[in-house]
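As annotated by TrEMBL, coiled coil applies to 279-475. Annotation source TrEMBL lists compositional bias 'Basic and acidic residues' at 523-535. Among the features that TrEMBL reports, domain 'PH' is placed at 162-258. What TrEMBL records for 502-541 is region 'Disordered'.
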Amino acid sequence: MGLRDELLKSIWHAFTALDVDRSGKVSKSQLKVQDNFDRLEFNKMCWTLCVKKNLNRNHLLINEEDAFKVWCIFNYLSEDKYPLVIVSEEIEYFLRKLTEAMGGGWAEEKFEKYKVQLQRKQNCLSVWELIELVGMGYFSKGMDRQTLSMGITEIFQELILGVIKQGYMMKKGHKRKNWTERWFVLRLSSISYFVGEDLAEKKGDIVLDRNCCVESLPDKEGRKCLFIIKCSDKSFEINASDKRKKQEWIQAIQTCLNLIRLGLPAPHQYAQQKRRELRVRQQAELEELENSMMRLQATNETRQCELETLRMKLEEAAAKAVREERMRLHTQRELQDRYRTDLEREKMVRLQMEQQMAQKSSELEQYLQRVRELEDMYHRLEEALEDERQARQDEEAVRKLQARLLEEEATKRTELEQIHLQQQRAIAQTQSEKQQLQDERLAKEAALQAAMEQLSQLESERHGALEQYQEVMKKLENATIKTQSWKNKVAHQEGLIRLIQPGSKGPQRITNWGPAAFTDTELNLREKNWQEKKNRPGQTQ
């Protein structure tokens, strides 16, 4: 609602009070014109003109100041039609907010009963009836006068003065940086702060615009619950009494900044617009519904006539329909017989199709089973190949590891042999005297060892020679047999026999390897070699 509409409502009250004879005219002598005026002062002037004539102060729980505030609230919530009235929706809104401001609970059933009484007054009240309703305490039973007055004042400040939130907080100075308690009053576009809640001494304003922002601050300087309001020219640090108050103030200031950025009015003005738009829409819907009902009624009468005409035509058509129904029933029976035959034929075809489908499904299932088995075999084959490949890799790795270990073992063995030789040389050098004393014994042991080795070698050579001897004896026997055969042949042919002997039959040498195992020359040579080895004790060691 604009300032013009609000002033017009106050002027209407004043003119109505001055129009004694209800002629719709007021003489100039009764009017007092003022160029520069405050809106609140203007409302008080209009209130003064009409209060004496219309307000009955008997049995009221509120004083004249509270009645004036209710009068201003009425002007704000009333409809933009004359004579001014407030509808039941706005009455409920005002009484609900008043109950909440007083700290009570809203009695929904009680107001529903009161709405029944409002229906006798066309669901609306005049300003004086509203003042009487509030002043008589019908919806504030159990509340004292002071609580009721404080509730009315809170609603007056919100709806008329545009106060969104107010309360005591500490503010940090810009020059001396000290903290001072101030009474803050938040409106849509500004925050004013005063010395006290009586608003007698104003200390400054914080102008809110779309460039402002509010942020929470961490605890510092021994103070908690801090927040800051940043404007384009300066910033304001404020200290709330507790965390809940701090959050409420930050949320309220942020709501105002969001409304400013969106170009929206104050919350109570925006809510009033929505309520009025809803009422206008509901009224339009109600009028449209009434018009629709009238059109439906006219259409219903027209249709009644048409229905009567149709009824007569239907009676004529009914007889015709009976005849046609008989024909239709006869035709239907024939069609049913035909359809029954076709249906049986289709059932047989469907059964055959189902059997074929079942057979195909079985074949498909077998095929899929074979495919799954082949896939399973393929996967097992892949796993076996992978295992074989892995085993070969492991075998190759083990083989390389064994080769490396063997190589390392050979290296270590060489190193150990070298170390052993070094140790032997060191022992030989340190035990030279002992070695000289034991040389003879070692030489004898070495000679004995050499003799034993030669004996072993000779044993092995004897076995070899014995084997050769046996072979030679076999050859000799074979040769003897052949010679005998040839001798027989020659004797038969020439009659002359000459015996060829294999050798001298003189005495033979007997050794450990058997008779005639060596010739004298070979035996002398072996004895010479054995004597040379015996004379070289150092080589044997």
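In case you wondered, yes, glycine gets a Cβ from its N, Cα and C as well.
In TrEMBL, annotation is done automatically, which means it is predicted and not curated.
Taken as a whole, the coiled coil (279-475) shows an average pLDDT of 85 in this prediction. Taken residue by residue, the compositional bias 'Basic and acidic residues' (523-535) breaks down under DSSP into 13 helix, 0 strand, 0 coil. For the domain 'PH' (162-258), DSSP puts the residue distribution at 16 helix, 44 strand, 37 coil.
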